[in-house]
């Protein structure tokens, strides 16, 4: 995160040394730990460090063995020694990101005990700060969609800033995307995002107001974190590079000196493979179903893109046309040890490409060809499958999905 540009001292800066500044730094710290923990969780799923394990005739889903994980951290140069690895994992335990499977040990120990990420068993505490953070992360992912052009280089008071959004346009977008039902509600959401340090005015001079003022996200959600950063007690902003899309730096007017504004090179950018299963990568079977989780490795993920199951392209407008031959259905799907068991594909709207016949989605009644209308109450008719998948993967284990099904499909 960035504390703000050098372009003047705003009202937020005046409290930097007081309780407001301390609270802001704590929110930034919490957000960094959440992102770091989530990136580690996904890597461990991908490399099968997290898996179902048995002990005394009982199966513990989605677990890792503390001793094995410490070996892995050292092998992958995420920790220099075992003592450091223990300290790193204790940081995640202290933040409620991991825990002993039976909650019998508060301390992370270098022994053969089972631990689990709380996000993998539905016990992750969603307090107001975490909810605001997850909402902000999801909004950013939607804004990064190729179909969205809201984030643009713009000038304010003679200074050029990258990846900005205009307040009034952002409010329009929030209502249009179903993130808020009214403009007032959208503005209240922006105030919450600002209060939690997720967005800010480009030069940190103004609160959020419905105007032509420019704002940015404070945090680079996509930057690959090193686990060792958890031991760095300084402000996370010192770890952001100038190539971060969230850096609030003044931009040169000389286009020859401008940067590409990418957090990482395209080949190393975080990939999201939208199979909506939390198990490790596997090849695509003849049925078109495959299981995977988002991969954070530098090498491209194995992507399986079977031919669309749809008979013909369908638009969101067509689905919502009065009298259209589509029926609405709502499913409550509780993820099992490896996920939810379906594949989403397409854009505006997304559709169900494949369903694991033995998975939770099939048991709830999900079928191929259905169009995804909403996820946990949020309208997703106008986003692509990557955004839908990220919404599901970063949400609770129990998901409520509304779909529309063609009557003769």
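The backbone N, Cα and C atoms fix where each Cβ goes, and this holds for glycine too.
Copied over from Swiss-Prot, here are the features:
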- 1-10: compositional bias 'Gly residues' (COMPBIAS)
- 36-119: domain 'DEP 1' (DOMAIN)
- 330-407: domain 'PDZ' (DOMAIN)
- 1: N-acetylmethionine (MOD_RES)
- 258: phosphoserine (MOD_RES)
- 259: phosphothreonine (MOD_RES)
- 263: phosphoserine (MOD_RES)
- 265: phosphoserine (MOD_RES)
- 280: phosphoserine (MOD_RES)
- 282: phosphoserine (MOD_RES)
- 283: phosphoserine (MOD_RES)
- 289: phosphotyrosine (MOD_RES)
- 291: phosphoserine (MOD_RES)
- 295: phosphothreonine (MOD_RES)
- 297: phosphoserine (MOD_RES)
- 1-23: region 'Disordered' (REGION)
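Secondary structure counts, DSSP: the domain 'DEP 1' (36-119) has 36 helix, 20 strand, 28 coil. Looking only at the domain 'DEP 1' (36-119), the predicted model's pLDDT averages out at 92.
Using DSSP to sort the residues of the domain 'PDZ' (330-407) gives these counts of helix, strand and coil: 14 helix, 35 strand, 29 coil.
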